[in-house]
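Trainee: The structure follows.
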Amino acid sequence: MKVKIKCWNGVATWLWVANDENCGICRMAFNGCCPDCKVPGDDCPLVWGQCSHCFHMHCILKWLNAQQVQQHCPMCRQEWKFKE
């Protein structure tokens with residue numbers, strides 16, 4: 001018996017791999033997008049700090065820009081440095 005495929009429709013899903021399920025700043029799911037974005041994906045990436053906490057890029061940038069003196073992680077209060 002031989003099987004011949006006449007038509008194939010692929011379906012895919014994606015998700016960010018992070019320590020948590022939600023952003024610690026906006027509390028939105030990482031599989032969604034931050035409040036500033038309309039659609040999730042590459043335009044709303046996740047960023048990690050050296051402390052290994054993860055946030056939407058737009059959320060942490062707003063947080064850091066709002067701090068006057070030294071920039072700290074909103075979760076553990078360590079000095080914020082982006083993980084490379």
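Cβ coordinates come from backbone N, Cα and C, glycine included.
Below, the features straight out of Swiss-Prot:
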BINDING   C23, C26, H56, C59  Zn(2+) 1 binding site
ZN_FING   34-77  zinc finger
BINDING   C34, C37, C44, H58  Zn(2+) 3 binding site
BINDING   C51, H53, C73, C76  Zn(2+) 2 binding site
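Structural setting of the listed features?
Mentor: DSSP assigns C59 (Zn(2+) 1 binding site) to a helix in the three-state reduction. C59 (Zn(2+) 1 binding site) has a Cβ environment of 22 other Cβ atoms inside 10 Å.
In the predicted model, the zinc finger (34-77) shows an average pLDDT of 88.
Just so you know, the Cβ of C37 (Zn(2+) 3 binding site) picks up 15 other Cβ atoms within 10 Å once every protein chain is counted. C37 (Zn(2+) 3 binding site) falls within neither a helix nor a strand when secondary structure is assigned with DSSP, and so counts as coil.
If you draw a 10 Å sphere around the CB of C73 (Zn(2+) 2 binding site), it holds 20 other CB atoms from the protein chains shown.
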Trainee: Measuring Cα to Cα, how many Å separate H53 (Zn(2+) 2 binding site) from C34 (Zn(2+) 3 binding site)?
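Mentor: Answer for this pair: 16 Å between alpha carbons.
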Trainee: Which one is it: of the binding-site residues C34, C44, C51, C76, which Cβ has the fewest other Cβ atoms within 10 Å in this structure?
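Mentor: Sparsest of the binding-site residues C34, C44, C51, C76 by Cβ contacts within 10 Å: C76.
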Trainee: Have a look at the binding-site residues C51, H56, C59, C73, C76 and say which one has the shortest Cα distance to C44 (Zn(2+) 3 binding site).
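Mentor: For C44 (Zn(2+) 3 binding site), the spatially nearest of the binding-site residues is H56.
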Trainee: Which residues, in sequence order, are found in the same chain with Cβ within 8 Å of the centroid defined by the Cβ atoms of C51, H53, C73, C76 at the Zn(2+) 2 site, excluding those residues themselves?
Mentor: G49, S52, P74, M75, R77, Q78, W80
Trainee: Filter the binding-site residues C23, C26, C51, C73, C76 down to the ones within 10 angstroms of C34 (Zn(2+) 3 binding site), Cα to Cα, kept in sequence order.
Mentor: C23, C26
